[in-house]
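Student: As annotated in TrEMBL:
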ACT_SITE  207  active site, charge relay system
ACT_SITE  345  active site, charge relay system
ACT_SITE  376  active site, charge relay system
DOMAIN    127-382  domain 'AB hydrolase-1'
């Protein structure tokens, strides 16, 4: 009798379990998608100066909220995954010409040149020299999207193809791109300066490319000639500091490390004959056993230690990372410099962001921009679910470049006026 009386209560118990399960799933979704995170303008770190005041007035994106897609845009992992898998949505196909440069060691460097599609806002000849992220090139969708937008704003664009990154371009020397080698980027810049003697340069680097362009500018003062400004997006500043965080499972960095290492292995092995063939004059420190270690590598650090550092004769991984990182060159950059990172970038540990913060507190030419969201080179915008083709990052870089061009034009006009007044006196 008691059993019969208790039976009707069982469905209520099951309903409670279902509700608890639904609540748990919703909680996990909210946490994973970071839905409770607010939208806000990016945090800005800069010195109070005439340049920074002008930038704040001329670049609305610096003071407006960055609003990512509502459902998934506040997740740095999803932003990063979409960038890594898709690059961009409905990406255009800008038309350019591929240029080839033979380096002193026999390597063949390539870059793609895209002419402007409109008049520039100040009427000047300005070229963006662009260095993509790790193992990337001009055919990547995020690069195509940015180049198309820059062309339509009056910029000529030169995009470096990292040595060994293009699948249809064979290596002509036993060397490929590394974390901080600036040789190919410097050759591209010198070509632009020689071919277009009246042009001014805007230097842009994405991720690993940000490290390369900042290191290039800081290597010698001559590299900053004709440079209006530099923009670095989503770089880590110090490979030596980053290597420890990249082996941690926090924010799944170890998993990202594995995926990038796997991609690097595929690229290196696709050039196996050029790098490790019997006929190749390899660097003395590069041995056949390094190829076998490459097969078993599960991290970028292992690949760098066994292969990449040996292209340039570094004796240790520590020496390689110290010499190839831009951190020791940043204080030598005197042109306006904008450093951009996302607070939720799963690849760049928050401890690394003390480098641009500290720099911006000491140098008037530096502005550090830190939005809450964006992931690694994501920065998608959109209403609810589907992202727009153009990202917040694309708009910000062009807006900043436009503002710097206007700033330089105003300075030039003021100088001309002062000179005329002096002559009249």
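Each Cβ is built from the backbone N, Cα and C atoms, and glycine gets one as well.
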Student: For the C-alpha pair, I'd like the distance in angstrom between residue 345 (active site, charge relay system) and residue 376 (active site, charge relay system), rounded off.
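Tutor: Distance (Cα to Cα, whole Å): 5 Å.
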Student: Within its own chain, what residues at least 6 apart in sequence put their Cβ under 8 Å from the Cβ of residue 376 (active site, charge relay system), listed in sequence order?
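Tutor: Result: 76, 79, 80, 83, 84, 207, 234, 342, 345, 346, 347, 348.
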Student: Roughly where does the domain 'AB hydrolase-1' (127-382) sit in mean pLDDT, to the nearest integer?
Tutor: 94
Student: Neighbour count first, Cβ atoms within 10 Å, every protein chain included; then name which of 207, 345 tops the list of active-site residues.
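Tutor: Neighbour-count leader: 345.
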